[in-house]
Amino acid sequence: MHKLSTLLFSLALSILLSDASVQDFCVGDLTLPAGPAGYSCKSAANVTAADFVFTGLRKAGNTTNIISAAVTPAFDAQYPGLNGLGLSLARLDLAPGGVVPFHTHPGASELLLVVQGTLVAGFVSSFSNQVYVKKLVKGDLMVFPQGLLHFQINGGGRTVVAFASFGSANPGLQITDYALFANDLPSALVEKTTFLDDAQVKKLKSVLGGSG
């Protein structure tokens with residue numbers, strides 16, 4: 001029995017060591033579909049320094065919309081050099097009155113840094129529905145644990161700029177309001193699951209582009 005245990009341990013160790021020798025990077029090949037582990041690697045012969053640089057966060061996003069806010073992602077789909085590295089970034093711009101509604105990132109936790117303005121942010125725990133809300137100013141950080149509902153609201157009279165970092169090259173995003181009302185799920189089912197009346201559900205579907 002002891003010899004068998006030793007053999008199994010040695011086999012497991014050899015498998016772990018073989019997996020430890022990985023490539024330096026795996027720049028995503030965006031011409032191919034992404035899978036659960038990200039994108040396939042671009043041929044090393046076609047990789048350039050530009051694959052590791054992203055300039056898309058220099059400019060403010062367009063906040064002329066229903067939420068008066070913009071989120072500019074630097075995820076693997078926009079920044080293929082991040083593919084497989086387990087990190088990414090996004091820029092948040094919130095005009096006065098702007099809000100990033102309740103949403104989740106199923107694939108990663110988020111660390112938010114405010115660089116301009118005043119932001120009210122918070123999240124809700126999954127085990128007790130405890131709410132954690134804080135007003136943030138320039139230089140403040142707040143963390144949002146993976147998968148939990150959270151939000152950000154402009155808490156002052158000037159535009160807010162913040163940067164969110166994630167522990168995944170593609171943290172995923174699901175905005176609760178859009179998930180409920182920007183689809184073709186029959187209104188009767190939405191009413192049953194949200195306890196809202198028919199008129200309110202249809203109004204929200206109309207505002208957010210849903211049907212049914």
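Cβ coordinates come from backbone N, Cα and C, glycine included.
Just so you know, TrEMBL annotations never went through curation; they're auto-generated.
Database features (TrEMBL):
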BINDING   His103, His105, Glu110, His150  Mn(2+) binding site
BINDING   His105, Glu110  oxalate binding site
DISULFID  Cys26-Cys41  disulfide bond
DOMAIN    55-202  domain 'Cupin type-1'
SIGNAL    1-22  signal peptide
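Looking at His103, His105, His150, the binding-site residues in this record, the fewest other C-beta atoms within 10 angstroms of the C-beta turn up around His103. Cβ proximity to the Mn(2+) site centre (mean Cβ of His103, His105, Glu110, His150, cutoff 8 Å) flags the following additional same-chain residues: Thr104, Phe123, Phe144, Leu148, Leu149, Ala164, Pro171, Leu173. For the domain 'Cupin type-1' (55-202), the model's pLDDT averages out at 96. Annotation for Glu110 (Mn(2+) binding site): same-chain Cβ neighbours under 8 Å, separated by at least 6 residues, are Val143, Phe144, His150, Ala164, Ser165, Phe166, Pro171. In terms of local Cβ density within 10 Å, Cys26 ranks first among the disulfide-bonded residues Cys26, Cys41. A Cα-Cα distance of 24 Å separates Cys41 (disulfide bond) from His105 (Mn(2+) binding site). Residue counts for the domain 'Cupin type-1' (55-202) under DSSP (helix as H, G, I; strand as E, B; rest coil) come to 22 helix, 56 strand, 70 coil. Between the CA atoms of His103 (Mn(2+) binding site) and Cys26 (disulfide bond) there is a gap of 29 Å, rounded to the nearest whole number.
For the pair Cys26 (disulfide bond) and His105 (Mn(2+) binding site), the Cα-Cα distance reads 23 Å.
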